[in-house]
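> Would you mind keeping the following structure in view while I ask a few things?
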Amino acid sequence: MRDRHLGKMPRGGTTTARYEEDPDNAWNCCSWCEYLLIVILSTILLVGVLILTLFWVMFYRGGFAWSESPAHQFNLHPILMVAGFITLSGFSILIYRLCRCMKHIYVKLIHMFFHAVAIPCVALGFLSVFDSHNALQKPSFYSLHSWLGFVTMGMFVLQFVIGFFSFLVMLCCENKTYSCRAAMVPVHASLGLANFWLAVATAVTGLIEKERETAKDETLSSENRLIEHYITSAIGITLVLIGIIVTFAVRRSNAPASAKVYVTERI
């Protein structure tokens, strides 16, 4: 007998069905419209925030460099962190939750791939700011932004390792590890969403910190300062909107109230 929340335990070589594959859980027109709206809006926001950050750094922060120019080396930090923690991670979360056009194992692999690509972005972003601070003799890990970033990176790595072993490696013994994987689904999903919001909070506090430094820069004209203020404010608002829409997409279920929700889909 199927349980509404836990679904059917796999027996023999059979695989538990996903609720969207069950005819009882068919979507109506409103559900599909909501789905398309979330996909389109989230794509625009996730790509848009990266483009906006790149525009800010290129045209108002002097572009990029490496160790030959520590001040410009720092500019790699916001771009790489937004690319890794926000854009790539955001797409990874949304693909896992919203992708309905392929088998679940392929969705898992794409989910892992996006997070894997985010790792070098985060690592280079951390190295760029660390080297820049050392060259400019600035203290590291002294602000709320830096400590939030440290916690975010730690949780990100932990989530990746747990997810890799729990939901990919353990599939080698699918039936024997079913209970363990079932217990890990809500934990992994909740921590993943918390980690994403930590990334948003870290990015916003970083923008505030940078804006305070810019306000003290006497080489900038008042007009440039004002324009940068509007740009960083737009980036901050976009980040918050991304956090809201990703949370909505993850926590919202379009299935009917009477639908059978299986354990592999509990978020």
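Keep in mind that glycine also has a Cβ here, set from the backbone N, Cα and C atoms.
Note that the structure is predicted; figures quoted are calculated from it, not measured.
Annotations per TrEMBL:
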- 35-59: transmembrane segment (TRANSMEM)
- 41-251: domain 'Cytochrome b561' (DOMAIN)
- 79-98: transmembrane segment (TRANSMEM)
- 105-127: transmembrane segment (TRANSMEM)
- 147-173: transmembrane segment (TRANSMEM)
- 185-208: transmembrane segment (TRANSMEM)
- 230-250: transmembrane segment (TRANSMEM)
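Could you place the listed features in the three-dimensional structure?
Listed as Cβ neighbours of the transmembrane segment (35-59) (distance under 8 Å, sequence separation of 6 or more from its ends, same chain) are residues 27, 75, 78-79, 82-83, 86-87, 90-91, 94, 98, 228, 231-232, 234-235, 238-239, 241-242, 245-246, 248-249, 254.
Taking Cβ pairs closer than 8 Å, the transmembrane segment (79-98) reaches residues 35, 38-39, 42, 46-47, 49-50, 53-54, 57, 64, 107-108, 110-115, 117-122, 124-125, 128, 149, 152, 156, 192-193, 195-196, 199-200, 202-203, 206, 239, 242, 246, 249-250, 267 in its own chain, all 6 or more past its ends.
Sequence-remote contacts of a segment are chain residues at least 6 beyond its ends whose Cβ falls under 8 Å from one of its Cβ atoms, and for the transmembrane segment (105-127) they are 76-81, 83-85, 88-89, 91-93, 95-96, 99, 149, 153, 156-157, 159-160, 163-164, 167-168, 171.
Using a Cβ-Cβ cut-off under 8 Å and counting only residues 6 or more beyond its ends in the same chain, the transmembrane segment (147-173) has close neighbours at 81, 85, 89, 105, 108-109, 112, 115-116, 118-119, 122, 126, 141, 180-181, 184, 188, 191-192, 194-195, 198-199, 201-202, 205-206.
Remote same-chain partners of the transmembrane segment (185-208), defined as residues 6 or more beyond its termini with a Cβ less than 8 Å from a stretch Cβ, comprise 78, 81-82, 85-86, 89-90, 93, 143-145, 148-149, 151-152, 155-156, 159, 162-163, 166-167, 232, 235-236, 239-240, 242-243, 246-247, 250-251, 263-264, 266-267.
Within its own chain, the transmembrane segment (230-250) has Cβ neighbours under 8 Å at 38, 41-42, 45-46, 48-49, 52-53, 55-56, 60, 86, 90, 93-94, 97-98, 189, 193, 196-197, 200, 203-204, 207-208, 210-211, 267, counting only residues six or more beyond its boundaries.
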